[in-house]
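If you look up Swiss-Prot, you'll see 42, 43, 44, 45, 46, 47, 48, 49 marked as ATP binding site, on the strength of sequence analysis. Look at Swiss-Prot and you will find 248, 266, 276, 316 tagged as [4Fe-4S] cluster binding site, backed by similarity to another entry. What Swiss-Prot lists as compositional bias 'Low complexity' is 489-499. The domain 'Helicase ATP-binding' annotation in Swiss-Prot covers 6-417 and is backed by sequence analysis. Swiss-Prot lists 476-499 with the feature region 'Disordered'. The motif 'DEAH box' feature in Swiss-Prot is assigned to 359-362.
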């Protein structure tokens with residue numbers, strides 16, 4: 001429903017719906033009323049991103065406007081205290097205060113005019129170049145192994161001097177350089193526009209994917225907010241932050257496949273005599289850097305725009321964008337940048353008193369856990385040891401003693417880990433805990449200082465050098481043909497993979513050995529017969545606490561946040577409940593546009609797709625018959641979700657053998673979600689073309705947790721029905737799940753809980769993982785106010801209050817309850833309701 005009125009002016013570019021106003025009010029009030037945490041669920045398709053932008057930016061501009069007087073009043077008091085003139089008349093103080101406000105306002109006006117001017121000049125220059133057909137390509141041509149004969153010297157690491165004076169001198173020089181830069185920056189800041197220094201409170205918007213962050217930029221372009229002063233036009237100061245891989249414009253560096261290699265290649269290039277052609281010495285003092293920063297603030301630009309701007313100005317976007325951070329009001333950035341303290345320090349991101357917004361937060365616990373977790377296998381270790389030996393044999397005589405000794409130590413540690421894996425692989429089971437001392441038992445590994453070895457790996461950047469050399473040798477064969485290098489994905493590729501090379505994985509694992517914490521555990525896992533040694537962060541609240549403590553307010557937003565209890569239990573257990581505000585809004589669609597049917601049985605067959613019962617042939621036949629009837633009644637697209645690829649394959653094979661699939665195919669063309677993510681787009685395009693262009697029916701068999709359930713939107717005819725088969729519980733016997741549940745139970749007992757309490761909390765955690773996946777999958781179908789669909793939840797457990805209470809609010813309130821105890825009547829009722837639904841709504 002479109003709202004007639006709004007509680008306050010949020011400067012929404014459109015007339016907001018009631019639920020959008022409710023969400024904006026909830027966000028604004030959470031910040032304004034001093035809550036530390038806000039949890040917000042707003043279904044996908046309800047304009048969530050715009051609501052977040054409008055409420056948070058309206059609060060920020062209101063805060064800046066209301067606090068100008070307070071800040072200038074404090075400044076006046078400081079001036080009079082320092083000058084010992086407290087007896088000045090009040091009217092003199094007010095006049096002085098007014099002059100400061102006016103000067104601040106005038107400086108802001110001056111800066112706004114300056115940004116207008118440089119953006120206009122930039123646009124004019126760009127047009128002239130286009131008219132003259134001058135193509136500005138400042139990038140270097142990619143230097144590939146095939147096209148350029150790189151000197152073997154380029155594969156040597158920097159000389160490493162362990163505990164030597166040379167190392168100390170280098171560290172001292174680095175410290176001196178940093179201090180000089182700090183002082184220069186201080187002087188420069190004095191010379192720049194005063195009274196409009198950095199924004200007092202910043203908004204950090206973080207999301208999972210590059211496309212989601214780009215969508216945020218595009219939504220921000222639609223908005224225009226009240227100024228910090230009256231009678232002033234003030235643009236939104238926004239900067240998107242990205243990785244080197246996204247922002248680097250040096251093709252020599254960009255050509256490296258993965259993030260870590262790009263990072264190391266960039267730093268390696270800077271150490272060379274001539275450095276990088278796009279990064280001037282003392283770049284923060286460069287006028288071109290300042291021009292880049294000012295232009296980046298002059299209008300809303302996304303990552304691609306910054307990349308293009310860097311090419312036009314011949315300056316590095318990755319480093320230059322930092323120049324504008326102080327003036328920025330709102331910054332978008334990927335999860336890794338906000339959650340890793342070291343990354344925030346490198347980027348000089350001060351989150352103190354800031355507003356931090358985490359979008360798509362339904363998976364945030366898993367994201368933080370995976371960022372600080374790692375596993376290794378014997379196959380990986382064998383490949384790394386082989387690569388290290390090849391490299392050492394090649395460059396042995398050219399390596400200095402520090403590099404040579406530490407490389408041998410690295411090989412030794414890898415061999416110890418390999419022996420430990422091979423020795424125990426036959427007698428361990430998933431979830432068995434591993435003690436560090438057991439790894440080095442009966443070996444000399446404990447004599448190796450792993451912390452110093454880590455310092456060597458970090459400072460020498462040798463992992464990147466070895467990876468580059470091995471990649472070169474593997475890309476060359478005697479007949480000149482190319483073959484792919486082996487990466488952490490386990491496969492090979494003819495081009496650089498996005499997966500991290502194995503050596504980086506092993507190094508990350510070694511670092512967990514040097515930074516042991518009570519929040520993590522080492523354990524065994526057995527996945528499809530492959531034994532791995534794992535480290536897992538068990539308490540993500542330790543990472544999240546630092547952010548919560550520093551920030552003014554942390555807002556977690558998502559389309560499917562239910563069940564919300566996990567966030568309170570595992571992300572911020574130390575935050576008092578009166579400092580946490582929760583809100584779940586309904587959907588923009590009319591109530592009659594969505595029906596939800598829990599399907600407990602079909603005719604006289606009960607549905608329960610538990611691990612023990614899911615292969616029952618009678619049940620699979622009944623599911624097939626149910627699906628045939630659905631495909632007859634639902635127009636155009638039907639999307640059906642199964643718990644796993646393996647189970648989907650089993651069901652499809654059963655239906656082929658029993659001719660069920662033939663009957664389904666007579667009603668709708670069948671599509672199946674591919675296991676290879678690179679083929680997903682092709683399948684989706686074919687599925688969409690058949691429905692939207694040829695106006696035919698199709699059914700898409702998908703998997704919970706796959707690409708279809710996470711990032712794909714099935715709007716309009718693409719999903720007139722969504723079917724969820726069973727409850728997609730994760731594997732209860734995986735090493736990760738066994739270790740996590742054991743940790744939850746132990747923690748509950750140590751906090752004074754009973755054994756029953758501990759088991760219930762562990763069960764809740766396991767169940768909530770399942771239900772968040774359900775909510776995420778079924779939320780794919782409704783994308784806008786005029787959309788309509790039916791959701792079928794096929795399993796008797798979906799009819800229980802315990803499970804229904806964990807569905808998203810907008811789904812739960814639309815559940816259709818069948819009152820008859822007759823199975824056949826229930827089946828008839830559901831089919832008749834389906835037919836009536838589409839007859840009426842169409």
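Heads up, the Cβ atoms here are built off N, Cα and C, so glycines get one too.
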Residue 47 (ATP binding site) versus binding-site residues 248, 276, 316 - nearest by Cα: 248
Cβ neighbours of residue 42 (ATP binding site) where a neighbour is any other Cβ within 10 Å: 29
Predicted model, mean pLDDT over the motif 'DEAH box' (359-362): 93
Distance from residue 276 ([4Fe-4S] cluster binding site) back to residue 42 (ATP binding site), taken between C-alpha atoms, in Å: 45
Residue 248 ([4Fe-4S] cluster binding site) to residue 45 (ATP binding site) - Cα separation in whole Å: 34
Nearest of the binding-site residues (266, 276, 316) to residue 43 (ATP binding site) - Cα to Cα: 316
Other same-chain residues whose Cβ falls within 8 Å of the Cβ centroid of 248, 266, 276, 316, the recorded [4Fe-4S] cluster site, in sequence order: 244, 249, 250, 253, 269, 270, 278, 279, 318, 319
From binding-site residues 266, 276, 316, the one whose Cα lies nearest residue 45 (ATP binding site): 316
Cα proximity to residue 276 ([4Fe-4S] cluster binding site), best match among binding-site residues 44, 46, 48, 49: 49
Residue 48 (ATP binding site) and residue 266 ([4Fe-4S] cluster binding site), Cα-Cα, nearest whole angstrom: 37
Conformational class of residue 266 ([4Fe-4S] cluster binding site) under the three-state DSSP mapping: helix
Close in space, distant in sequence - residue 49 (ATP binding site), Cβ under 8 Å, 6 or more apart: 215, 216, 219, 359
Rounded Cα separation (Å) that holds between residue 48 (ATP binding site) and residue 316 ([4Fe-4S] cluster binding site): 33
Neighbour tally for residue 43 (ATP binding site), based on other Cβ positions within 10 Å of its Cβ: 24
The motif 'DEAH box' (359-362): DSSP-derived helix, strand, coil residue counts: 2 helix, 0 strand, 2 coil
CB contacts for residue 48 (ATP binding site) [other CB atoms within 10 A, all chains]: 22
